[in-house]
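Lifted from Swiss-Prot, the feature list:
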REGION    1-304  region 'GTPase domain (Globular)'
DOMAIN    29-271  domain 'GB1/RHD3-type G'
BINDING   39-46, 61-63, 91-95  GTP binding site
COILED    375-411  coiled coil
COILED    477-582  coiled coil
Amino acid sequence: MEAPICLVENWKNQLTVNLEAIRILEQIAQPLVVVAIVGLYRTGKSYLMNRLAGRNHGFSLGSTVQSETKGIWMWCVPHPTKPTHTLVLLDTEGLGDVEKGDPKNDSWIFALAVLLSSTFVYNSMSTINQQALEQLHFVTELTQLIRAKSSPREDKVKDSSEFVGFFPDFIWAVRDFALELKLNGRPITEDEYLENALKLIQGDNLKVQQSNMTRECIRYFFPVRKCFVFDRPTSDKRLLLQIENVPENQLERNFQVESEKFCSYIFTNGKTKTLRGGVIVTGNRLGTLVQTYVNAINSGTVPCLENAVTTLAQRENSIAVQKAADHYSEQMAQRMRLPTDTLQELLTVHAACEKEAIAVFMEHSFKDDEQEFQKKLVVTIEERKEEFIRQNEAASIRHCQAELERLSESLRKSISCGAFSVPGGHSLYLEARKKIELGYQQVLRKGVKAKEVLKSFLQSQAIMEDSILQSDKALTDGERAIAAERTKKEVAEKELELLRQRQKEQEQVMEAQERSFRENIAKLQEKMESEKEMLLREQEKMLEHKLKVQEELLIEGFREKSDMLKNEISHLREEMERTRRKPSLFGQILDTIGNAFIMILPGAGKLFGVGLKFLGSLSS
């Protein structure tokens, strides 16, 4: 993108998603690092974001007391250090703009920035003091503006206890900072400055409680915190009015150094935007999230992460089924030369392509808890396999009929000119027909319908052969009877040979179905184990953070608040234990994937038994 575009418009107190911005996001298949900046209006947020983009111009700065940015603006740029990622910068409307009609929109802008970003930058002026913390009261409203789960928890634990599992990293950017970084006479880092400012203070009055609430929320919701303090870019007020046009060498050296540190930190440490369960957010996924959240706000409900992920999963999993099925069809078409000599040749290619297709689906799908979409894939691939089998059979029939047409041309001419209407004509006819059969045997790649087409050809000749046999004056009645019996025997042998081929092909189809069933179950088991490990890692991180906060509160002298976390920590430990001991879901898998096979595949009762045996071997 050459310039930013409005992502969420804020017009007359109504939030609207800009569909042009969504179309841009839909073109980005890479994972995203999403950096959002929030803060009071006219505090230099846009200028800082332009520096992240490596440009002087981009997000509009303005030079008056009026807020320039309205809604949320987006700028997608190549990530400077991660070529496989796209950096998405979100510049938000300034908080506290006196020209706004409804201050509630400030809260929604703040909440959207938290929900959409992987790194959340709060921008303020001068120092982190009581006033700065009061201005950040929006963080205390997040419990009313965001929900993690779609329904209340049965264990009565607050929904906000889940926030730590999906909230972004938090950066506090302090602009025009003129103080010395010292505490009790010793130098401290910016991070230590922030953590000291976030320590709770003793006191029971309302003002202290409110500022402590802000401190608690920041510490509790945002496990990863960082602070940067910036000098004023220039002491020349005239240059400040047109700061975007000021060359780098005219900026204060300290500002340059701190800006470089800030950008370098985000480029190096800014994490990929992910959802619960390790779902990586790409451009099109971010677009879906934006629309889902804004629709929820406009409908009067609270944006819910679980609902958003479910909406996203429905859309993405449908696409994953299509992508996997298309991969199957494309690879089958590329690797097969019709007609194949045998059905097994086709089924071998099918097995390889199906395995790849399942892998494609697993890679692009998530939260398919009931295996609804994997079941659709099973059905779709089976339908497409059957279509390839039909195409293969049709190609074999066309090829064989064409070859028999060519080989039997002389026979037809001989019949037309009466060459077999002579004594000994039946013997001559049999020789001519045998020559056709021998020539047919030499034809390459006749395909799976070779015997069937030959049988049809011979059947079409039966009346003519009998006519020639009956009119052959060189034969006695006994010899005619023997010849007729021999012909019947040959027909029966060919019928038996064809039946054996069909039985063999049916066995091959059953083997292919069993292999397909095993492949689906194995891949699903692998994915479920991976998701279980991911969930445990997330829970372990949450537990580690809650224990850290609990210990800090105890050290700071807030035992009551520390004790209040015990219930959450206890419930989280119970959840982790349930996750570890989660019973096998193979029965559920069999109900879904197995039923898909039972509905669409011949001989599925046998296959179902194979599935039970296979699942037993996996779960033992």
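Glycine residues also receive a Cβ, built from the backbone N, Cα and C atoms like all the rest.
Features per Swiss-Prot, on structure.
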| residue | record | DSSP class |
| --- | --- | --- |
| Gly39 | GTP binding site | strand |
| Lys45 | GTP binding site | helix |
| Thr92 | GTP binding site | strand |
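Of all Cβ atoms in the protein chains displayed, 21 besides its own lie within 10 Å of the Cβ of Tyr41 (GTP binding site). Within 10 Å of the C-beta atom of Thr92 (GTP binding site) sit 30 other C-beta atoms, taking all shown protein chains into account. For the binding-site residues Gly39, Lys45, Gly94, the largest tally of other C-beta atoms within 10 A is found at Lys45.
Mean pLDDT across the coiled coil (375-411) comes to 94 in this model.
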